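*Asks:* In case it's useful when we look at the structure, here is the feature table from TrEMBL:
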| type | residues | note |
| --- | --- | --- |
| DOMAIN | 279-411 | domain 'GGDEF' |
| DOMAIN | 420-673 | domain 'EAL' |
| REGION | 679-698 | region 'Disordered' |
| TRANSMEM | 17-39 | transmembrane segment |
| TRANSMEM | 51-70 | transmembrane segment |
| TRANSMEM | 119-140 | transmembrane segment |
| TRANSMEM | 160-182 | transmembrane segment |
| TRANSMEM | 203-226 | transmembrane segment |
Amino acid sequence: MARFRLLRTDPAWRSRVYAGLVIGSGAVVIVTALERLWAGASQAGRLHLQPPVLWLLVALVVLGEARPVLSRRNTDGASLGLAFASAIYAIDSWQDAVLAQALAMLLAEVGRRHTWPRVAFNVCQQALSYFAGAFLFTVLVNRSGNGAVTGNVLGPARVIALMLTACVIVVVNHSLVWAYVAQVRGLPFSLQLRRDGWRQSRASGAMVCLAPLVVGLTMRHGWLLLCLLPAIYVVHGSTTERWEREWESKHDVLTGLPNGRLLRAEGDKALEVAERTGGRVGVLLLDLDRFKDVNDTLGHLIGDQLLRVVASRLSACVGSQGMLARWSGDEFVVLLPNVRTDQEAFSAAHRIAECFTIPFQLEAYTLDLECSIGVAEYPRDADGFEQLLQRADVAMYQAKRSRAGIAVYEAGRDQNTPDRLALLGDLRRALAGGEIQLHYQPKVAFATGQVVGFEGLVRWNHAGRGPVNPEEFVQLAEQTGLMPTLTTYVVERALAQAAVWWRSGLSVPVAVNVSMRDIHGPNFVAAIQEGLRRHRVPPAALQLEITERVLLQDPERAKATLHRLDALGVNLSLDDFGTGYSSLVLLRSVPVREIKIDKSFVARLVHDQEDAAIVRSTVDLAHSLGLKVVAEGVEDQVTWQRLAELGCDVAQGWLLAKALPAHEATAWLNRRAQTVGHVRPTPALPAPKNRPSLRSAP
């Protein structure tokens, strides 16, 4: 028979119950202290403070709680109020000490603008801590015999009792807080103790040693405490400065969030616990989309302000469920140290993404911002924390490329394997050493059979691997930022070969593919212009092929670049038409001269009426806009004939020729020119000085 469980086990519920118990117990202590103080109860055998001295100590407790001995950015450090509150409970009464500390904590928390539940918890846990310390002090003093207190003399037994009591207050205080944090995060208490124990104990130890000194001065003459203040101020300042430097070494100065150093330390600890307990750890890597545009348009000051606002909103979104860190630039990382379900990390990423649906309000601007988030999990995706970060980074770029917003790491889609990294290094060396070759596939007019151009296609014969699939290394270049280098290399080779052909009277343009990153590059048009000048060929000798994706990603920037290329005289072609989402309006707004029907439609043209209809409508659309149509992948005579009937202008494919090395393409072109005739028999260009003419006989 099923049993009704009275206790829930989720961390959020347990933490609320725990906080309620602490607040309730602390409230009982405070009420009891008020009642006994009102009734005039006092501790037997204690000295009693004069009101001026008592109020001085209370003021010092409040001041000490407001300025803990830690970084100014950290409010959880060792309180100077501990030393002064020790004098109150040691000389006067525990209820005065509890109430003074509760008042000090209340004022400090309200001043920090913390939430009321947090204020109540901190006030009550302080009351419990001082009540426990005062109780222990009473027990120790009563057991120490008559030597504990002799008039105004602070004996050794009382010094030991004071220091032990201060230690108990510190331990109870921090334990109550760490237990709550551990409950919220779902972590073992031992991990929280190891994380913060040593840091807190160093600062608290100084306050424990200071307590007997304050008590001794107060017993002799309370006003001597004023002489102690300058020394305490100097020690406080130097200690705070040291903690400030340590804080800055582990935090981002701009946002106040943990930096990479602290993130790695916490991540290693979380993985250590997960390995020991069989748990799971999640990492979310978040990148702000188009943040560079904000910096470029509005300036770095606004960019920094936006980062601070984003960090604040993310901190509120993540809360105590994880650790938020600034990773680099516009990237943030969320560490989830205790993932319990398969969907928990993804759900956390979804909540963060929802935080970006509300515009970010700055002083003078309201900005809409989106983000891309990669999700990875230990031990499913990685064996160590560095690898976990790398896997989350891979997933983040997958999310950015797919424009899905969130992506979970998938090993099958990871391009950053050791083998591919080695291939990337080889590709860099191949480009530097001129090992990448350009092969040329002809394009022939249906109406005349004349050659109207070549497309330059990259080929790489790897020394150890043999021929490498162009799709593999071109995709690798696109994913790693090497694409501009590859494009520059290809354009240079294409212009060099075009110069050879045009100077020999074979005036065929050479087409090369360019990527979105190339088109968006600020110096791309200038580089093309310089290449044409250096090789002394007209702009008509070069044709650039772009895909529909270039027009969809930041279309205004793309159109501006394409219009500059068109003004330069370079012909533009829209490649793989029909596989993307370009609209008629967008197609009319860019200066392309031809479109290329993707080979996937051409391959099924004869047997699939739908593909035939797509090709027919594409041809009609292009001709209505004054554009030529090129069919890719023409491999048999039947397809050639069908395309000709549909009105297609140019064919490219294995029926005509495969992609040929430069010398074979030249021989093929010469044979074709002799049998069919050249499409544009233009005069040869002048040969460079000190070089023989390469012009062939007509």
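Sequential numbering from 1, following the chain as shown.
Cβ coordinates are placed from backbone N, Cα and C, and glycine is handled just like the others.
These figures come from a predicted structure and were not determined experimentally.
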*Asks:* With DSSP helix as H/G/I and strand as E/B, how many residues of the domain 'GGDEF' (279-411) fall in helix, strand and coil?
*Replies:* 61 helix, 39 strand, 33 coil
*Asks:* Let me spell it out: take the transmembrane segment (119-140), skip the flanking residues so only those 6+ beyond its ends count, and list any with a Cβ under 8 Å from a Cβ in it.
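*Replies:* For the transmembrane segment (119-140), the sequence-distant neighbours (Cβ-Cβ under 8 Å, at least 6 residues beyond its ends) are 19, 22-27, 29-30, 33, 43, 85, 89-90, 94, 97-98, 101-102, 105-106, 109-110, 157, 160-162, 164-166, 168-170, 172-173, 176-177, 180.
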*Asks:* What average pLDDT is reported by the model for the domain 'EAL' (420-673)?
*Replies:* 88
*Asks:* In the same chain, which residue numbers or ranges, 6 or more beyond the ends of the transmembrane segment (17-39), come under 8 angstroms Cβ to Cβ?
*Replies:* 93-96, 98-99, 102, 117, 120-121, 123-128, 131, 176, 179-180, 183
